[in-house]
Amino acid sequence: MRGRRRLLLHACCAPCSLEPVKYLREEGFEPTICWTNPNIQPVAEHDLRLEVLRAWAADVAHVELVVGADDREAWERVVAPAGADRARRCRACYAVRLQEACRVARREGFEYVSTTLAVSPYQLFDECREVLEATARANGLTPVWRDFRPHYPESVTESRGLGMYRQNYCGCRFSAAEAADERHRARDERKAAKAAARAERAAAGAGAAEGARSR
Ligand code: SF4
């Protein structure tokens, strides 16, 4: 810890925290995880993700964890009205969470602030970077933004190896509906592709039978 730079790392979930903690430590930072995610719905899902993160932080990564505010009213007021407008909604959602992380960082005397949102290829990378940088600077902090996306496959393998719970949607009710739609669309496409392949095989079989009869 001596000589290392203390950094407050906003974490969205345990699986996305594995690589940032590892690589930020390699750079000479000592991360403390900050949990503040009032976007996660329902509350039982929020609590489950937090518990998984707590267990990993304490037992595996040996990293401190602080819990910030869970201001669900603010999230509904500031983020939810954007509804299906994903760019506007996610930008506002990043701002709510990262502003709270910066508040905690100032209170706890950190200079550096970062976020695990830079791991997932499903997040809006540029928008999130802009929000982190603007919010950190407005709070007199130094943003540490890294492109962790190339490490996403590692995070999937490692979190599976640890038997970690892995959610299948980002967090809010809108993302749950969008992810369900996406799964249904992918399932329908697979079904259509299988039906087309069956029809092709049947047509080829019928053609071969016709050829044999006419010889
Ligand atoms: S999709 Fe994720 S980042 Fe975007 S608003 Fe929902 S919870 Fe927030």
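Cβ atoms are placed via backbone N, Cα and C, with glycine included.
No curator has checked TrEMBL annotations; they are predicted automatically.
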Stated TrEMBL location of region 'Disordered', expressed as one of 18-50, 150-182, 183-215: 183-215
Neighbour-count leader, CB within 10 A, recorded positions: C13, C170, C172: C13
Spatial neighbours of C90 ([4Fe-4S] cluster binding site) that are distant in sequence (at least 6 apart) but have CB under 8 A: Q123, L124, E127, C128
Chain-internal residues near C93 ([4Fe-4S] cluster binding site), provided their CB is under 8 angstroms and they sit 6+ positions away: N39, W75, V79, C172
Between C12 ([4Fe-4S] cluster binding site) and C170 (disulfide bond), the C-alpha gap once rounded to whole angstrom: 9
Distance from C170 (disulfide bond) back to C13 ([4Fe-4S] cluster binding site), taken between C-alpha atoms, in Å: 10
